[in-house]
Amino acid sequence: MTDHTLSLPDVSAMAVPEAKQALRATVRAARAKRTPAAREEAEARWVTTVLDFLGTATTVAGYISVNNEPGTRALCDAIVASGRTLLVPKLGPGLTRQWARYTGAENLTDQAPGRPPAPRGEALDSMVLREVDAAFIPALLVNHDGVRLGQGGGWYDRVLKQLDSATPVGALIWPEEYVHTPLPHDEMDVPVRYVLLPETVVDLGGHSPLH
């Protein structure tokens with residue numbers, strides 16, 4: 001397996017929005033350098049790791065990966081094959097983000113440009129998150145305090161606030177994207193407890209205060 005390194009820019013003097021954008025650009029560029037074969041090989045390892053993380057959970061919230069994100073297609077299929085219910089984001093009226101039950105890749109349909117595909121059928125509102133026992137979400141960076149840098153927009157931060165505080169939530173990232181340096185954050189950012197790497201789960205324990 002090729003060793004990947006990630007050199008992050010010094011954003012300490014930047015305002016939070018600009019700092020986040022600079023870090024996002026760096027991580028996205030690094031992700032684009034991974035070969036399809038490397039992504040596919042890692043995706044297979046994530047299946048085993050995340051299924052173990054889910055434990056006895058019967059209803060899971062997750063997502064369909066797009067572009068150069070760590071692949072979740074095989075993982076989604078494996079979760080459903082294990083007998084669990086999997087909820088993934090789906091566009092609702094006015095491009096609002098809702099949820100739908102994933103039943104297999106053959107039932108996915110394209111949504112708006114740049115959006116991940118979603119299951120056909122009924123869109124479910126956020127009340128369905130009350131049923132969730134565990135969740136995996138995307139991220140670009142996570143640090144040792146659980147601070148998560150997402151793609152922007154804050155949708156998953158709102159999801160985290162809607163989940164029960166005891167629900168295990170893990171962010172799926174590459175090993176070099178788990179960092180031990182401060183990350184820019186604001187009052188809208190919600191930390192995560194678990195980092196889901198291809199071969200291991202990092203339990204960050206409690207979270208240091210963000211503010």
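Every residue gets a Cβ built from N, Cα and C, even glycine.
Curation does not apply to TrEMBL; its annotations are automatic.
Source: prediction; values computed, not measured.
Database features, via TrEMBL:
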- Lys20, Gln21, Ala22, Leu23, Arg24, Arg148, Leu149, Gly150, Gln151, Gly152, Gly153, Gly154, Trp155, Tyr156: ATP binding site (BINDING)
- Ile64, Glu69: substrate binding site (BINDING)
Gly153 (ATP binding site), number of other Cβ atoms within 10 Å: 9
Rounded to the nearest Å - Cα separation of Gly153 (ATP binding site) and Ile64 (substrate binding site): 17
Fewest Cβ neighbours within 10 Å, where candidates are the binding-site residues Lys20, Arg24: Arg24
Sparsest Cβ surroundings (other CB atoms within 10 Å) among the binding-site residues Leu149, Gln151, Trp155: Trp155
Inter-residue Cα distance where the pair is Glu69 (substrate binding site) and Arg24 (ATP binding site), in Å: 12
Pairwise Cα distance maximum in Å, ATP-binding residues per record: Lys20, Gln21, Ala22, Leu23, Arg24, Arg148, Leu149, Gly150, Gln151, Gly152, Gly153, Gly154, Trp155, Tyr156: 20
Between Ile64 (substrate binding site) and Gln151 (ATP binding site), the C-alpha gap once rounded to whole angstrom: 14
